Amino acid sequence: MMAIVVYQLFYRMVLGHSFNWWAIIKFLAQVSLGALGIGLAFGFASVLWLGFIFNDTVIEITLTLAVSYVAYFTAQEGSDVSGVLTVMTLGMFYSAVGRTAFKGESQQSLHHFWEMVAYIANTLIFILSGVVIAEGILGNGSIFKTHENSWGYLALLYVFVQISRVVVVAVLFPFLRYFGYGLEWKEAVILVWAGLRGAVALSLSLSVKRTSDNSSYITSDTGTLFVFLTGGIVFLTLIVNGSTTQLILHILNMDKLSAAKSRILKYTQFEMLNKALEAFGDLGDDEELGPADWPTVKRYISCLNDIEGERVHPHISTGDDHNLDHMNLKDIRVRFLNGVQAAYWGMLDEGRITPITANLLMQSVDEALDLVSHETLCDWKGLRSYMNIPNYYKFLQTSIVPQKIITYFTVERLESSCSISAAFLRAHRIARQQLHDFIGDSEIASLVIRESEEEGEEAKRFLEEVRLSFPQVLRVVKNRQVTYSVLNHLIDYVHNLEKIGLLEEKEMVHLHDTVQTDLKRLLRNPPLVKIPKVHDLINANTLLGALPSAVRETFVGSTKEIMKLRGTTLYREGSKPSGVWLISSGVVKWTSKSIGNKHCLHPTFTHGSTLGLYEVLAGKPCICDIVTDSVVLCVFIEADKILAALKSDPAVEDFFWQESVIILSKLLLPQIFEKTTMQDLRALVAQKSRMSIYIRGETFEIPHHSVGFLLEGFIKAQGFQGELLTSPAALCPYGDQSFRRSERSERGAGADSFSHQATWYQVETRARVILVDIAGFEANRTLLRRSSSLISHSVDHPSGSLTGEHGGLMSWPEEFYKIRHHQNDPEKANEKKNNLSAGAIHPSIFGSMINNAPGNAQRFSGSGLKPSYSHSYPRVPSNYVRPLFSAKSEGSSTIGKKLAVSERDPHVEDSNSKEKQGRDDSSDESGAEDELIVSIDSPSRLSFRHV
């Protein structure tokens, strides 16, 4: 179409305009680039407009027609640029970007409409040209008297046109040969000879004729002669070149199918014969008319009469076919990718993918089709970039752009990536099945199928990562697809009822419009990923949600949710801790030069993790690097807020220290706790741990099947002349070979050892140590817990409604917090005792449901953990006398446990024993095998005793 721009330049020169070199360059740039810009602008606007039109073929056709003519007149008359080039740009934009804006029947109707419009326009141009030529020749015979050699000029002009094409193709042949798709010499011959002239040339000649009627620069005879010569060239190219092109193709052997395509064609004909026999078997006999005659039927199926020989598989090669395997492989790849693209169109019609997603997927197939001759299937290569968050998103996070906007676009990008990956896997699965059904088992087909499966591995890994980090994204995408498919199924059902006569047309239209309304609402307001607010994140968090409401509310105003992209560093090893990161969704990866993570197969933390809490509590530098390994939704709490919360209650401090051990256990002892879920690890620390504070000179023991964690202070292994052990450190029992091997490997690697083995330790300075009994855990690698069917949430404790996976693991006794503040008020204390004795179920710090239980509990030594806490720093005593409780811990299948408080309130009456008994009976449906008595001396410490 650049020829039209050059034509306009010469046309203006003929009309008297003068141009220097700079004016020529400016004119060509203005006309071409201006037309390009106007065409793209109208294309974007019309595609956006089409997005608001829902399943209305008439309006879609009208819009495309109106936009085409408005764009032409805007460019040609309003902006003085090429209108033809503008419409061409608009059409290319529709073909490249807007092709998925038309779906199903609308696309077919639009195609047929524009095909008819093009046919009518071509016909009118040829008719008008013939009329003008006839009028000039017959109406005024002086034209040939003035130009006596017009016919000779026409012949010379035809020869000149052919020579000019030869020169142009010859000059550009090296570039066409080695760039792009490549051009063979046979194809170059056809390119020269098949250069037909048609409607465009005649249209330009007619514009010259129209100008010549009112111009002083071009006479009327010149305009008529211009139409005559142009029409003559068109006539000669159509008659001479057009009629002999097939002969040239035959001479050059370009009208024959390749060996691979011939085999596929013959194989398909045999398959057609089999399908015809199957159809005849199904339809050849019925109750009313009886049987049919196959020879008579076959005589009318002439397309199957020339089948000769035996059915041969298309991929069976002989010794003479040296290049056949490569041709077959290329052919099968092309057919496979065509099947993938057809599957994308089907998913677009079904509503599984959006037009934008469909356009990206089909573009990747188009790019892969260009490379099938020398590369394996590579349509995933064009989609790989959409699986990553763009780098400019990180820049936006550091700018003044609101965090909610960044979060919205990040989640939207995740949804698009998941939709692309799922559609890619589904389309390839459909294409593999179709290829196997058509070709069967062959080496070449199996090779292409293996290439497809290898391509899908990366897409599967991406979806698995999203399933682990943001499962709600996959759920939203699936809900959207299923909703659209169900509504489309309802439309098909209604139309089928009308087709078979069970519904009248008015009834069908009413039901159809009702379903269409639902479809519109789905497209306008689809299901979206709901990002919880800060208040909800805090309440649902296993750390903050377990705190008393008064303490928890202090974090709401100063806490904010943050969406971190993959590869973002939360904190570095050795840096000063600035706060605590609570992972709500996503995966983070830890690395450490001092600890080393070679014992970890997957050194990661997922949702529910509390990162940086130990460093804030101990005032130590960060002990590892934490980098996001996916898109992460997290909550950040400043260190000052955490330290201020410690002053509210001593039990809060104990609770925070216990929570910090969960992350330390995975960092320091990955060989034990790496495969343990955060839920099981919290239950283990909460139920089978004891924290103590020791002063200088004291000693303590690490019992067998237990591990300890030094959280503060310095200690030394008793009986060893070694260096001081500083926090943090893992204290393992002496004699365990697995601990010994891991310690030797760490020391051999040159890294600082954070795990030590000894039975007794001597305290050098004030030290905080927590002991965890892993006797049962080490055998099963999981802690069996009771069913959580009895968990209820009181009105005063809204934080109890946690997520399904982490809910109820560590919930705070709100009543205990209130009683500590009102322990000097006898009336309020008695009122609280009455509330407890009324049988209300209170969440304990360990997520257990505690209700009144009769009977006296005896104290036993539990689980091998000896009371080694310091006499100088005794346990935090109970500030009030609590009633005897029976506690059931959460879990799917657990051993029955009965928890009791060591000190019983003699004033508590057993008035609610029936209610308690009902709860006990309902909880025993899981099947109790033995019992465990637990004494609770403070809300942050338990001592376990076996019965």
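A Cβ is built for glycine as well, from the same backbone N, Cα and C atoms used for every other residue.
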State the residue range annotated as transmembrane segment by TrEMBL; the candidates are 117-139, 646-668.
117-139
Would you say the transmembrane segment (151-176) and the transmembrane segment (20-50) are in contact under the rule of three or more C-beta pairs closer than 8 Å, pairs 6 or more apart in sequence?
no
Cβ pairs under 8 Å only, please: of the recorded stretches 81-97, 117-139, 188-206, 226-252, which one is richest in them relative to the transmembrane segment (151-176)?
226-252
Would you report the average pLDDT that the model assigns to the domain 'Cyclic nucleotide-binding' (543-621)?
83
Sequence-remote contacts (6 or more beyond its ends) of the transmembrane segment (81-97), Cβ cut-off under 8 Å?
1-2, 4-5, 8, 30-32, 34-36, 38-40, 42-44, 46-47, 64, 67-68, 71-75, 200, 359
